[in-house]
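Student: So TrEMBL says this about it:
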- 12-30: transmembrane segment (TRANSMEM)
- 37-55: transmembrane segment (TRANSMEM)
- 61-79: transmembrane segment (TRANSMEM)
- 69-253: domain 'Cytochrome c assembly protein' (DOMAIN)
- 91-109: transmembrane segment (TRANSMEM)
- 129-152: transmembrane segment (TRANSMEM)
- 173-193: transmembrane segment (TRANSMEM)
- 205-223: transmembrane segment (TRANSMEM)
- 230-251: transmembrane segment (TRANSMEM)
Amino acid sequence: MTLKTDLLGYLIYIMMAMCLLSFVLAVIKLEKTARRVFMLSFITGIAAFVVRWINKGQLPLQSMFEVFLFLAAAAYPCYEISRRKLGIDMLKADTLIVLAILFPCGFIFSGEAHRLPPALQSPYFIPHVAVYIFAYMLLTKAAVMASIPFFRGSDNLQISQICETGAYRLCRAGFPLLVLGLLLGSLWAKAAWSRYWGWDPKELWSLATVLVYVGYFHFRYTYGQKMPKLNCMIVVMGFIFIVITLLWVNISNIFTGMHNYA
């Protein structure tokens, strides 16, 4: 665990401090101020992303460090979409999510920049990664909301149903992006490797993640809110599959394939 002492590192730590401050302000019921601080953290995140872009000379969406940096920057737009369009305000949870995302950027992942390999130099690169990042952020929010009934008011059916409804709305928003990301990846594979599908571990886990959410929507369509906790459990399981797809498959030595990167 090492500190990053360059400009990019300082921006990451400032963003983390702002998110922590926003969380504290939300806890003490200063929501309007907390939202403004969260917005400032987003601006700081954009600045960090631009600095990385300038330093690298290419769009920084290749390494885990860069993907997590973009994930953190995407949190505020997803927060505003959820609040304004879905009626879901998760300010305290969202600031903690950003802190959790930025921690490996600030202390674990290497900030060393690498040039894009030829296979990544494709018009599909940016939309493929971008839609996946927004899908992952919305589905992470859904998992957080779905986990609430298991820690708070475990015997309260009303709390379970409210959280389940919120998680369902977030899944409905994130799932189309998840599918779009998979389709764009397939087109990209065709352009880069002359085949739409290669049974690579990343491809398999991405497909498995989509199928978990397909199963969730089918189950909820069939049974509605008769079993809200079970619905929530499936949403959390989908998030676990996302973590495996994004982290374990990419950086472990167990799943070796063309998608492994640092």
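A Cβ is built for glycine as well, from the same backbone N, Cα and C atoms used for every other residue.
A TrEMBL annotation is a machine prediction, not a hand-curated record.
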Student: With the transmembrane segment (91-109) as the reference, which stretch in 12-30, 37-55, 129-152, 173-193, 205-223 has the largest tally of C-beta pairs below 8 Å?
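Tutor: Per the Cβ count, the answer is 12-30.
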Student: Which whole number is the mean pLDDT over the domain 'Cytochrome c assembly protein' (69-253)?
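Tutor: Here the mean pLDDT over the domain 'Cytochrome c assembly protein' (69-253) amounts to 90.
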